[in-house]
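J.: Mind having a look at this structure? Questions to follow.
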Amino acid sequence: MSGAQPAAARLLKAGGHKYDHGHVLVVAGGPGHGGAARLAARAALRIGAGLVTLAPPASAMPDHSGMPDALMRIPVDDPAALADALRARRITAICLGPGCGVARAASLLPVALGAGLPCVLDADALTALADSAAAPGPDVVMTPHGGEFARMFPDLGSLLSDQARVEAARTAAGQTGSVMLLKGPRTVIAASDGETRVNDATDAPWLATAGSGDVLAGMIAGLLARGLTPLDAATDAAHIHAECARRFGPGLIADDLPELIPAVLRGIA
């Protein structure tokens, strides 16, 4: 078990075309529910993804007409539209869940998991997965908090004490064949082969704020799009996420986090 630090060589890729830095598709929810997806998308941009596209249903496209202008937008109403978008837009990573809505996430989950692309499952996608026959795989990072984890893995719910969280995450990763990022003051990141890392953010309690997890999901997706392994993407994103909070201090809101990423990255160089 380790608490690995980010490596500059994998985070600060020099030169190249925007497509060399990857293209993230963030699936957004219906009208009035787009804030979480926008937080994730902004974080993916700030962490270095070359392109980021928001994919709300057509009825919610007007919700996403504001800043940042660097975000692209495409309507995705159903699984067929998602499959078309993934093929046509040279997508290299998917973020599914933030503000998506459980029913929408459930309908799109089989396409997302069947695309053969790295994928972050967060929030509503985790709830949908708990009731789905769809199977995650080695390119998937799941990001549950304790409550979501207990719903997904009821047989492991008793292992969520501070002392047992590492074993809980490791077991869940082994069962699903995916990378498990179990959020908390001491975030546990576990791979299916048993490798486990811990990111201690007990000195940044202000991370416990609405939208913080959406930002983390976008950061992981951005790093996946750039070619990091799921374990490294989850580990590095968790470290940078916590360091952003430390730099800001009390009073942090989720909107602040993406804007702090560049300064943290400069410190890693």
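Cβ from N, Cα, C; glycine included.
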J.: According to TrEMBL, LYS183, GLY184, PRO185, ARG186, THR187 bind AMP; which one of GLY213, GLY218, GLY222 is annotated to that same site?
T.: GLY213
J.: So TrEMBL lists ALA36, HIS145, ASP214 for (6S)-NADPHX; which of GLY97, GLY99, GLY267 goes with them?
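T.: Checking GLY97, GLY99, GLY267 against TrEMBL: the (6S)-NADPHX site match is GLY99.
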J.: When the Cα-Cα distance from PRO185 (AMP binding site) is computed for each of the binding-site residues ALA36, GLY99, HIS145, ASP214, which gives the smallest value?
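T.: Result for PRO185 (AMP binding site): the nearest of the binding-site residues is HIS145.
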J.: Looking at the binding-site residues ALA36, GLY99, HIS145, ASP214, which has the shortest Cα distance to GLY184 (AMP binding site)?
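T.: Given the candidates ALA36, GLY99, HIS145, ASP214, the nearest one is HIS145.
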J.: Which one of the binding-site residues (GLY184, PRO185) has its C-beta surrounded by the most other C-beta atoms within 10 angstroms?
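T.: The residue with the densest Cβ neighbourhood is GLY184.
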J.: If I restrict to non-local contacts, at least six residues apart, and a C-beta distance under 8 angstroms, what lies near THR187 (AMP binding site) in its own chain?
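T.: Long-range Cβ contacts: LEU181, VAL198, ASN199, ALA201, ALA238, ALA242.
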J.: What other residues of the same chain, not counting LYS183, GLY184, PRO185, ARG186, THR187, GLY213, have a CB atom within 8 A of the CB centroid of the AMP site?
T.: HIS145, LEU182, VAL188, ASN199, ALA201, LEU207, ALA238
J.: Pick the one among the binding-site residues LYS183, ARG186 whose Cβ has the fewest other Cβ atoms within 10 Å in this structure.
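T.: Across LYS183, ARG186, these binding-site residues, the one with fewest Cβ atoms within 10 Å is ARG186.
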